[in-house]
Each structure stands twice: as C-alpha cells, then as structure tokens.
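Colleague: Below is a structure I'd like to ask you about.
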Amino acid sequence: MENQLNYKVFENFLEKLDNNKKQTEQIRNTFLTKKNSLKTNFINKKINRMEYIESKKSNKKCFNSQIKNQTSVEKKLILEGNQIYENLVLEINKNKKWFNKMVGTKTLKIIGIIILPILISIGILIDYLVVKPHNQNANKSTEWVGIGISIALLVLEFLLITFLIHFSSKKFIFDTFNKGWVCYTVGFTASFFDTLGVGSFATNTGLLKSIKYIKDDKKLPGTLNFGMAIPNLLAGILLMGSIEIDMTTFASFVICAVCGTIIGNSIVNKINKKLVALIMGIVLAISALLMLMNAKGIELLPQGDAKGVSDVWWKLLVGCLVFIVLGMLISFGVGLYAPAMILISLLQMDFLVCFPVMACSSGLTMHINVYKFYRSDNYMPRTSFLLTLGGTTGVIVSYLIFFLGIETLGGVPQKGISDVFKWISVFVIAYSSYSLLKGYYKQVKKDKQDKISSVNNDSK
C-alpha cells in the first residue's frame, strides 16, 4: 500500500515538472511571436525605429525575468523530486534480494565516482606500462608530446565525469524507467565494437530503438553525445599510446575535425540535410568498393605504411581540409569513422593510424556538444550515464583483448590486426552508405506524402 502511495506521489511530482516545462515553452513561444510581430511592424513601417528598439528591449527583459522565475521553480522541483524518488527506491527495495533491487540516484553517483576513475586508470597503466614498451618502433623523440596530449585529454575526461556526477545526475529523475543493466549492456556492446572501427552511434541507435528505450527521437543525439563522449575519448587516448603515429599529423587532423564540428553546428539549419545524406551515401558506396580492392587477399591498390604526412605538405593540407569537412558532417548526423578510414588509406598511411584519430576527434566533438544538450534538456540523463559506465567498460575490455592479449601477449604483429580491421571497415562503410541512402529515400517518400496530404487538405 505504501509502495502505491509513493508511486502516486512521484507521478504527481512528474506531472508538476511537466507542467512547469510546458509553461516555460509557452513563455518562449510567446516571446518569439512578439519578437517576430515587432520586426514585421517595423519592416511595414507601423512603428518607428525608436519604438522598435524600446519594445524589443522590453520584450527581452520580460522574457528573461519569466525564464529566471521558471528556472528557479524547476530547481526546487528537482530537489523535491530527487528526495521523493529516493524514498520510493528505498520502499521498493525493502523486500527485494540484492540482485533485484532498484538503483537510486545516490547509489548510481557513488558507482560512477568509483568505477569510472578505476577503469580509466587501469587502461592508462596497461597502455603505458605494458603495451607501449612492447612497441619498439615508437618514435622516442615525440613520445613526450604524446604523453602531454594524453594528459590534456585525460583532464577533459575527468572534468566531464565531474560534470556528469555533480550536475547531470540531478536530472536523473527525468529518466527513471529504462532498466539500468540493459542500458549498461547497450553501452558496453557499442563501445566494444567502436574500438574496432564499428561506429558506436549506429550500434547504440539500433539497439536503443529495437528495445524502445528512446521514446522521443529529439533526445537521441544528446543521449548518444553524453553517453559516448567519455568512452570514445578514452579509446582515442589508449589507441594513441599503442599505435605508432606522427604527432603533428594526429594533432592537426583532430583539431581540424573539432573546428569543423564548431562550424557545422553554426550552419546545420541552413543546409539541406537530405542532399548531404545523398552525396555522402554515394561517396561511401564508391569508397566501400575502393576499400574492398585494398583489403588483404585482394590488394589491387597500392598499400601505404606511413605513420603520418607531416613531411609531405600537400598531403597534410588535404588531410586537414577533409577533416574540417568530416567534422562539419558530424553536425548533420553523418558519422566520422567511415570517411576517415577512406582518407587515411588514400593518403597512403598505415590503416591503423585512423583509429586514434577517429576516436579522439569524435570524443572531443562530443565533449564540446554535451553542454548544449544539457542546457536544452534534449537528452536522457540516467540512460546516458549508464551508457557511459557500460561504454567505458567496453573500451577497456576490447583494448585488453586486442592490444594486450592478441598483439602484446599473443605476439600478433600490428599488420595482422590491420588486415582484419580493413575487412571489418569494408562492411562498416558499406552499411553506412546503405543507411544514409535508405534514410534519404525514406525522407523523400515522406516529403511526397506530406505534399500530397497538404494538396488534398487545400482542395477540401
């Protein structure tokens, strides 16, 4: 009986929170309507310039005051809701065995505080104490540069962990109905294969949609950016330590990809996404054939083994320009991995070099994007946190199997691993092409149906 009472209290709280959000949205819409109305009146010379400026300022001031009040109310509601939720969890767990118990927000935060730093530390220690010393071909003159970059990236990782635990965890009550172990498993699976070049966005999207854990598609990009930011960047740091790469090339490509994402975020609403999907789908289809011709056992194209292109200025320039474009494509929902693999191969570089570049580029762009999604509440806080826990574990396990177990302890040369990864990449690129072209076809079909419906409604 008390269980049902607590459920009712929590449901009432969620209703209050939802009403507050609707009020905030209504205030925002009213502000935008008035803003557009003032602009129209000014253009049509119904009001003079001074009246327009004064009215605009007054409208903005009123909006800011109302939003500030709504934000204050929401903060109080969230504090109240977290306490209600914790009481509900305690009540539900009273008569349950430990493996059936619900995990409350406080427990989940403690797990994150303990598990994430431990997993990252294990990965870094194995990378630099076992795997890296085994790589005798590493360029000792640039080793300290790599260590410096790794430390800087690790600082970013721990800053995001702090942000997740201190700020994002307060919003877990928005997202309490997805099973924790399922979200953890999805994150683990996606990041395990992500380390092998199978993009985690595609895997996560497919798994989360198949189990119907994403009710609102608008929240999917934010959930994936939050959930995969830490695992992806960690994978990049580990791979940078175990795969020999020219640091000038690495830093240039990663910085260009991040700059491209920043540019892409500013123009994403001004460019036709359908056209981008069509062009990239065709390009990737052609690229899949080229990668197949370059795979072990076929090898119709010349093979490259360069660790970088900093010694050939035009190749470095081409690579930087392409990575700016690839970074922009992330803003349009086109994954970085498949086209980056093609570029690395065309530049006659060692195929494995693309893995640390891809992982660090995507990880850093996600670190940049998370605050935007946090401010707009366009993500699922608890689900994304569990994806982070599972994803970080998946990266470590995948790294231990392939780079510690198979390469370092098993004695398999990196060339052998590269040959396997090339074959995997053929299927990844082909699937990426298929997904983009399928999405384009579906959107065109939907637009046609909407147009027909609109014409029919007008004729009535």
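Each Cβ is built from the backbone N, Cα and C atoms, and glycine gets one as well.
Look at TrEMBL and you will find 110-131, 143-169, 181-202, 222-243, 250-268, 274-292, 312-334, 340-364, 385-406, 421-441 tagged as transmembrane segment.
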Colleague: Might you confirm whether the transmembrane segment (312-334) is in contact with the transmembrane segment (222-243), defined here as three or more C-beta pairs under 8 A between residues 6 or more apart in sequence?
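Modeller: No, the stretches stay apart by this measure.
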Colleague: Which sequence-distant residues neighbour the transmembrane segment (181-202)? Criterion: at least 6 residues beyond either end, Cβ under 8 Å.
Modeller: 208, 211, 213, 224, 227-228, 231-232, 235, 239, 335-338, 341, 354-355, 358-359, 382-383, 386-395, 397-399, 402, 421, 424-425, 428, 431-432, 435
Colleague: Using a Cβ-Cβ cut-off of under 8 Å, list the residues of the same chain that are 6+ residues beyond the ends of the transmembrane segment (143-169) and lie near it.
Modeller: 105, 108-109, 112-113, 116-117, 120, 124, 128, 226, 229-230, 233-234, 236-237, 240-241, 247, 250-251, 360, 363-364, 367, 370, 374, 381, 384-385, 388
Colleague: Between the transmembrane segment (312-334) and the transmembrane segment (110-131), do 3 or more CB pairs sit under 8 angstroms, pairs being 6 or more residues apart?
Modeller: no
Colleague: For the transmembrane segment (340-364), which recorded stretch in the set 250-268, 312-334, 385-406 gives the largest number of Cβ pairs separated by under 8 Å?
Modeller: 250-268
Colleague: Using a Cβ cut-off of under 8 Å, list the residues of the same chain at least 6 residues beyond the transmembrane segment (312-334) that approach it.
Modeller: 221, 248-249, 252-254, 256-265, 267-268, 271, 273, 276-277, 280, 340, 343, 347, 361-362, 365, 436
